[in-house]
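**Q** I'd like to ask some things about the structure below.
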Amino acid sequence: MNPTTLTIIYFTIMTGPIITMLSSNLFLMWIGLEMNLLALIPLMNNSPNPRSTEAATKYFLTQATASMILLFSILMNFKQLGLWTFQPETDSTIMAATFISLAIKLGLAPFHSWLPEVTQGIKLNVGLVLLTWQKIAPLSILFQFYTLINPTLLILSAVTSVLIGAWNGLNQTQTRKILAYSSIAHMGWMVSILPYNPSLTILNLLIYIAMTIPMFFVFHMHSFTSITSMSLMWNKMPMALPMISLILLSTGGLPPLTGFLPKWIIITELMKNNNLSLATLMAMTALINLFFYTRLIFSTSLTTFPSNNNSKMYTHQNYKKNNNILPPMMIASTLMLPLSPLLL
């Protein structure tokens, strides 16, 4: 793709969520979401193959539907109150429709089915943008107006997302689908704490992004698209094995790694609010998540798969891809738990 075109596309992708976050006018928020949507589609469709075209089409249809519902809610609110912002007087049906549109954009259950399919059909670097930066704008709108949305609706969607993210991730062999279901589960954790302590939602989002970036970087550098391709990591880059194992355990929420922090504080906050059943259920689903991450580590690090290559070790070959951002991101994704008193 033309460098000028790429610069414009990335600038639009960066600008869209910033406009949405800084706006108090609902119409400007909607414009920021649309900028984000339309800029990402050329990146998805950059490689000329049927899978990426299908993924871009699915992404456009689902996001356009969500944008239509959101715009309809904004216009109905304007018709009712004459204001371009939601108020406590806004009808509950309008707020429910707004939440549905944002849930579609975030990939929250039961509107999640597009996310794994789209992530599987696109390149890993575009998948990183889809699963991290694209979540910021809808979450910022949800963060501003969560008090006007029925808490039962938020909790039901959060529990369903956590359960679906855990169960559906169990039988996946493609790394992009595993990361997509991981994203659905993490979104469920973020939304579950929103009615009680919204600042923990922001902290959870930042830690989720810090854990997802190094994982995508390792997968992208070595073209790991499935568990089978990851199983040959031991003879290509042995140093990547402990690195990816730690990141996966951290994403699963194993103490004393960074990923344990959001789960720990969210379960503590739920128990403070006498929501013991939800806290227990989410702790149990976190164990399911940890199980499939541990199984992924077992298949890549602790077993030697049959290989048809003559030379078993490739580590003597010069490796040309250097990545300076990976070491600090690796530290952030695994060793930030001692900073928890400062973060809280």
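Glycine too: its Cβ is placed from the backbone N, Cα and C atoms.
Because the structure is a prediction, the values reported are computed rather than measured.
These came from TrEMBL, pasted as-is:
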DOMAIN    23-288  domain 'NADH:quinone oxidoreductase/Mrp antiporter transmembrane'
DOMAIN    290-344  domain 'NADH dehydrogenase subunit 2 C-terminal'
TRANSMEM  7-33  transmembrane segment
TRANSMEM  59-78  transmembrane segment
TRANSMEM  90-108  transmembrane segment
TRANSMEM  141-166  transmembrane segment
TRANSMEM  202-219  transmembrane segment
TRANSMEM  240-261  transmembrane segment
TRANSMEM  281-305  transmembrane segment
**Q** Against the transmembrane segment (240-261), which of these stretches has the most C-beta pairs under 8 Å: 7-33, 90-108, 202-219, 281-305?
**A** 281-305
**Q** Let me spell it out: take the transmembrane segment (90-108), skip the flanking residues so only those 6+ beyond its ends count, and list any with a Cβ under 8 Å from a Cβ in it.
**A** 33, 62-63, 65-67, 69-70, 72-73, 76-77, 80-81, 114-115, 134-135, 137-139, 141-142, 145, 148-150, 153-154, 157-158, 160-161, 180, 183-184, 187-188, 191
**Q** Would you kindly list the residues that approach the transmembrane segment (7-33) from elsewhere in its chain, counting only those six or more residues past its ends and only Cβ-Cβ distances under 8 Å?
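**A** For the transmembrane segment (7-33), the far contacts come to 39-40, 42-43, 67, 70-71, 74, 77, 84-86, 105, 129, 133-134, 136-138, 140-141.
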**Q** Using a Cβ-Cβ cut-off of under 8 Å, list the residues of the same chain that are 6+ residues beyond the ends of the transmembrane segment (59-78) and lie near it.
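**A** For the transmembrane segment (59-78), the nonlocal Cβ contacts are 26-27, 30, 33-34, 37, 40-41, 44, 84-86, 90-91, 94-95, 97-98, 100-102, 104-105, 111, 114, 118, 130.
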**Q** Across the domain 'NADH dehydrogenase subunit 2 C-terminal' (290-344), what does the pLDDT come to on average, as a whole number?
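**A** Mean pLDDT across the domain 'NADH dehydrogenase subunit 2 C-terminal' (290-344) comes out at 71.
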